[in-house]
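Features as listed in TrEMBL:
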type    : residues                                                                           : note
BINDING : A:48, A:54                                                                         : NADP(+) binding site
BINDING : A:125, A:126, A:127, A:237, A:238, A:281, A:296, A:297, A:298, A:299, A:300, A:322 : FMN binding site
């Protein structure tokens, strides 16, 4: 099956392939009366846009978004918002080899196994290019949750982590890695460039913090805030792990170490820690919501790899094309978008049920 | 909002609280003609049942399941299967303190913040007791996927991991920890017993492997097999992290190290590695599907903790009641159940769309 | 497939067969804090209960409802409400013939064609007995929409319609037909009794009016208030037609005759007519919401009919058992319940999106 | 809320307003490998296209559809199919009056009541122009059900019904009314032209028959084939009633008259009648599926009507613009499309659950 819709009350549906004429999203369930035009969405697409440094793919795409419906006189009308982004720099010839053999680590074999054939140009529907549609939809979602501030950054590349003592949010947009630690950003230049020059790739971890989420959002038990976030993040291309709060580290703590004690305070409790990442029982606690996402290294590398052809013959291939040496970097705006989309949905769900 | 249904074609809805008269699940979309009666479901509930060793809560529940609908002459009819489990050993008096103050780390505060009040007896709906309903539903799901074998086990407790060199599947049911490494099980006895005696708790990691999943299951892009698994697992009580395949470790590999090369073989490719955990582009590859799940230490500990009361006063509390010193242990049958439920759903979805 | 859940934010899932041990509904998404216990639900079940006059089936069922979850200290908690009704008077032996041949007009053949076999006792899942679960769920839904008054009645039996000039709401519970016209009720006694004595059956039309629905409920374009009502009503056993407002009569009017002009008034417009039945563009207008539902005559009749056996042989059969000579009569509480369920859902959806 | 998606496994989402730049549909869940290009879809849009005779609106729209995704080398890939139709002949100036007062019978007041404001140009999202997107999606749905033949026609205009004795399917495309009775078509010319010249409008009834539907499609109890059809049809603009099989007439029959007896035959029973319209218990019986749909007269008429302004003042207005004197006529391709969309979905649902 194909399920290209995400969300329950605030929903979006994406469409499009890497090398088709365009891609897009239809955002449905957005409240009426929110001020919007293309300029509200474009900056988020610009942050994700390829070709902005030597550390990302050199495909040149303006990623100019166009609003085709759902907006009247500069405001959302409550009807579906159709967003379209034209593909400009698709060079299909780059991908002719991909038709003949499966790229290991990519979705090529799995799509063929499922559907019997595939649009092999640039990965077709499985290309990370689709995440542009998520980022556009996420920009709309942000309008629904003005009380929330979302900040994502790369916290680790190739196993080299930032030092939280150096954390400076204002650094994040100052380097090509969305890195909040200037010293780490410096080191990463070499790590990523070495990978790039070697035709190799490296993995990354992206952390995302949402502040301002009030206590009470979350739809237990099967659309818990954390399970929705897990679904949203694990569905991003190249993601292999998701943590809430302390995540796997919590499995190594004792109950005392993992406690988040509370003290009285104005407008809700003051928590003395946030091991839980702002979520208890699937419901937000009012603390910052913290998610950590693991991106594998890009599977497209220049080293020849053993593979097979669609008719089952042995083959060897390396991926030419234009690729990200560290796909996690451009994952940052996508992770932010998915956070916004989940929170917007949960806000509306909460308001619907509880009033 | 409250969302107590999971799945798309094969769906289940659970209901019930820790201290209500009963809990249950309604399984909908199950194919007709599958042989079933209570004895098919009961063993899975027995594996999860509390009170079977000193390492789990001493609450005594027979967890006897009753099929109330959807079965005729020993076969599923294609109509909803209602499963009910009566609560027998609920001692509400144990929980009277919980009414007066929020247990840190529990859902108490979050539920109050959301709904305005809560059933405070044993955590009410947020109690892990609800997972009995998942396990019962999961037993039905297994009938839908006879080609698949699901095996989960604890791979780490309190930071002490098993040695994969010692892995012996037949050990898993031989110790109270679902541990496949006899030596580790020995060590864990002390770790968990120390925690129990100290009124403390420890975290755990559960690993789950599904073999026999054919290539092609998965519903890209927003119900990918891995995102559905992430949602399913993160929604289990006390879970804070989910990994597919190498998970966070993949973020520390290079593209070459993370590759899963393929060689020709009968009936699909022979993969030379499985860093991807059996899923590419959200679709199964025919390799074993591998998921890893982090359980935090139980929040119920005997050490007094700072907290607040519903009317915002400072308080101190420790959790009496009867609790699991390591809730991850009893998570094993639940993780297996969720794996079965996701796979059954994806099988039907695939058959529906692709035929 | 089997889809036994209805609704989007306020949802219910039903389960159970005519001759199983019990049937029930799980209501999910109900707002917290609503006062409820069994006595709130029971009167609606009593209104639907069989065996209360000679004009309905003589099956004796107390239809006593039990709340198994989702309620604490007399209030809904926001978690799923499980409602169970035990079957008491199932006489399976009555239905042995049904196993051997398909009852014409019933779902017997269709269920076999779909699922390969069926629970033939009393129609199994296809029995109108399931509507007890809807009525119970509907009683919960009413709590969500205290601003709305729902009134259904039979407007026509066997082609004999009430005279609106005689309409008296207080008559509806005064006769065994839910008839608001005392004179018509008198005539219907003979019509239905004649059918009963002849082992025949007659059809009926049920009309339902909801007053107090504010303007603005409805989820265009694919969950419009009228399309949700159409789905809800057409899904009731034996229903073959649904009209909103003037319905088919509107197809015979001119634009001038069908107009619903507006005049200024306090708190919204004063409409000069209500041909539209309170819905425009799928959204409520603030006028009474009017639905009309056609029930076919019960297919269970004593006249032998030509049919076939499951293995394709010619047969003749008549339906013994205990049946309603006019199934539309007991449809009245069901139609009311479905109206309440749709409106509760739309209220929450509206609140979720628009605030 | 806004729900612009229809279907469960085979789903479509529409977007767009009457006077925006474009409108479209995203079809999701379509099986892979089906031969398709624009020329497969265009004829259905051409049948619905306005301005083809004096009996429909004179708005000139080429309604040229463009496939933007989901198709590769002339075949569906199993990924979402994005269909776009540009609006060419939107004359916004025609609609300036609509901003100032509510058109009675239209959705103007209801949209304002719901969303606080509205895109008043040509009805915005509530315009029947959106049905072009349904027709395009329906053309894709037909590819999924090649075994089914769908035929809709107008059976009644302004109260003047066709004579079934004159029924000739080949006539349907021979006149501007989709009328299968040449004599009735002749009479309707005058009826519709009189209405047009008088600035008035007339209602219509559309009948739709699907042959070739095998026994067994339908998803009881809350996505029954008939309740899905009722929802689909009632959601079409201007529809006020839906009947399956004999519909309301069945309410005036006895059980004997309404029976559909069966005789043995090759490949399923031979039914001796089809009062049920091919559906029993919500599941297809293998007989033709018959639906009847009532369209009200267009609310846009030249006679001045009493209304109010958005700020609650009395006003009088008549609708200028370009309108259909009988909107039911152009409803024919839309009814066919909705039939195809429901059947395609039910086919996939059945295959998913039952195999």
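The backbone N, Cα and C atoms fix where each Cβ goes, and this holds for glycine too.
Curation does not apply to TrEMBL; its annotations are automatic.
All features noted in TrEMBL, drawn onto the structure.
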residue	record	DSSP class
A:48	NADP(+) binding site	helix
A:54	NADP(+) binding site	coil
A:125	FMN binding site	helix
A:238	FMN binding site	coil
A:296	FMN binding site	coil
Cα-Cα distance linking residue A:54 (NADP(+) binding site) and residue A:298 (FMN binding site), given in Å to the nearest integer: 15
Rounded inter-Cα distance in Å - residue A:296 (FMN binding site), residue A:48 (NADP(+) binding site): 18
Candidate with the highest Cβ count within 10 Å, taken from the binding-site residues A:298, A:300: A:298
Candidates A:48, A:54: member of the binding-site residues with the richest Cβ shell (10 Å): A:48
Close in space, distant in sequence - residue A:125 (FMN binding site), Cβ under 8 Å, 6 or more apart: A:16, A:17, A:18, A:111, A:119
Chain-internal residues, separated by at least six, CB under 8 A from residue A:238 (FMN binding site): A:128, A:295, A:296, A:298, A:299, A:327, A:328, A:331
Interface-adjacent binding-site residues, chosen from A:48, A:54, A:127, A:238 when a CB lies under 8 A of chain B: none
Binding-site residues in contact range of chain D, given that the Cβ distance is under 8 Å, out of A:125, A:296, A:298, A:300: A:125
Neighbour tally for residue A:127 (FMN binding site), based on other Cβ positions within 10 Å of its Cβ: 20
